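Only one structure is covered here, and it is reproduced in the block below.
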Ligand SMILES: *Cc1c(COP(=O)(O)O)cnc(C)c1O
C-alpha cells in the first residue's frame, strides 16, 4: 500500500473508506455512462503532483507571478499538441471544465442578448447550450433547433436554414451530449455563412473520436471555434480546451483569463499535455475506432433483444434506449435496476420527452470507458443481455442477483487503469 494510503487511513478514515469503495465500484461495475472514461495512470499521478501548488495567472511568457519556467513549458506543450492534433490555429487549455469553456466562448465573442442558434436539450444539446435553467440561457437569446422523426431522427437542414433566416443568429452552435449520429459540419457552415453568423462546434463528448480520426473534424469544414472537454473520449484529466482560428485567439484568451477565471489548474494542464500526446498515437486511433465498433455491436445486440433505440442505432460512441417503449419502465427505474446489476448508465430525456427529467423515457449508454478496459465484442453482447434481461424482469431480485454475479465476474478479467487489481 503506498504511504499516502497509510496516512489517509490514520488521519481520515471516512475519506479513506470512501476512496476504497469507489475503487471497488469502478473495478466491479460496467461503466456505460458515455461521458465517463478511465484516465491514464500517468495523468492520475500528475493530478496529485506539485503542479497543483502553483499559481500561473496569465499565459506562457506573460504571467502575473514568478517561478513559471516549468509551468510555461507544460502549457506550451499542451497548446502546441492541441493545435497539431485538431489541426487548429490556436488553443486555450485553461478552462477549468467544459461549462466555463463554453461560457468563455459566448462571453468572449458575443454581446449579452445576442442570438445563438443551438440544439434543443431534449434533442441532444447540452445544458450550456442555453437550457432555460442555465445562466447562459438568461444572458443570451438562444433559439433551439430540433431533430426530425420524419428524417430518421436526424437534423433537418432545410428547417435549420429557415430558422436561421428567421432569427438571424450571431452564432450557430452545434455539438451534443445525447445524439447518436455524426454531424454534417459543412451544412452548418453554409447556413451560418448565409446569415453572417460565427460557427462553433462543442465536441466535448467526442473530441477523442475526432482526434482518433473516427469522426469528422468541424475545423476541417472551416468552423471558427471548436470546444472539447479533455476528460470524456479524450481520456484526460477533467478540463476544457478551446480551439479557434487565429483571428479569435486574443478574444478567447482574454475571455478565459481574466474574463472568467483566475489561476489555471497547472496539475490538470500537465495531464492534458500528456493526454494530447497519447491521443496522437496509432494506439489511440485504434482505440477510437474500437469505441465506435463496440457501440455498433452493443446497439445491434440490444435491438436483437427487442430494445428500441432513438434513431434506430448509432454512428458514434453512444446510444439512447427508449425504455418506456421497450419494457414499460421509465429511465430512472431502469437506471436503478442496472445499478443493482453492476451496470452504470444514466437516465435520459428523449426528443420532446413528455415525461419529467427524473423519470424520463430512456437511458443513455456509451462504450468509451468499457473499451478503455479492453472490453470487445463478446463483452458487448453479454452486456446487452444483462441490460435486456434485467430490465425485462423489472428488477426481479433473483434475476438481478444472478446477473450481478455474471457482470462482476466479467469485470474481474478487465482491470481498471490506475487501480491495483484485486488480490
Ligand atoms: C460534458 C459536456 C459539457 C460540459 O462539461 P463539464 O466538464 O461537465 O462542465 C459541455 N458541452 C457538452 C456537449 C458536453 O457533453
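The backbone N, Cα and C atoms fix where each Cβ goes, and this holds for glycine too.
In TrEMBL, annotation is done automatically, which means it is predicted and not curated.
Positions annotated as domain 'Serine hydroxymethyltransferase-like' by TrEMBL: 10-387.
Residue 127 ((6S)-5,6,7,8-tetrahydrofolate binding site) carries neither a helix nor a strand DSSP state and counts as coil. Residues annotated as (6S)-5,6,7,8-tetrahydrofolate binding site in TrEMBL: 121, 125, 126, 127.
Under 8 Å, Cβ to Cβ, and six or more positions away along its own chain, residue 231 (site 'Plays an important role in substrate specificity') finds 37, 39, 237, 238, 239. Residue 231 (site 'Plays an important role in substrate specificity') falls within neither a helix nor a strand when secondary structure is assigned with DSSP, and so counts as coil. Among the features that TrEMBL reports, site 'Plays an important role in substrate specificity' is placed at 231.
Annotated N6-(pyridoxal phosphate)lysine per TrEMBL: 232, in sequence order. Shown in sequence order, 34, 35, 36, 37, 204, 205, 206, 207, 208, 368 are the residues of the chain, 6+ apart in sequence, with a C-beta less than 8 angstroms from the C-beta of residue 232 (N6-(pyridoxal phosphate)lysine).
Here the region 'Disordered' (351-374) is broken down by DSSP into helix, strand and coil counts: 5 helix, 5 strand, 14 coil. If you look up TrEMBL, you'll see 351-374 marked as region 'Disordered'.
Listed in chain order, the extra residues whose Cβ falls within 8 Å of the Cβ center of the (6S)-5,6,7,8-tetrahydrofolate site residues 121, 125, 126, 127 are 118, 119, 120, 124, 128, 129, 130, 131, 134, 177. DSSP assigns residue 121 ((6S)-5,6,7,8-tetrahydrofolate binding site) to a helical segment in the three-state reduction. Close to ligand 1, meaning a Cβ under 6 Å from one of its atoms, is not one of the recorded positions 121, 125, 127, 231. Annotation for the binding-site residues 121, 127: lowest Cβ count within 10 Å of the residue's own Cβ, 127. Sequence-distant neighbours of residue 126 ((6S)-5,6,7,8-tetrahydrofolate binding site) (same chain, 6+ apart, CB under 8 A from its CB) are 98, 102, 175, 176, 177, 202, 204.
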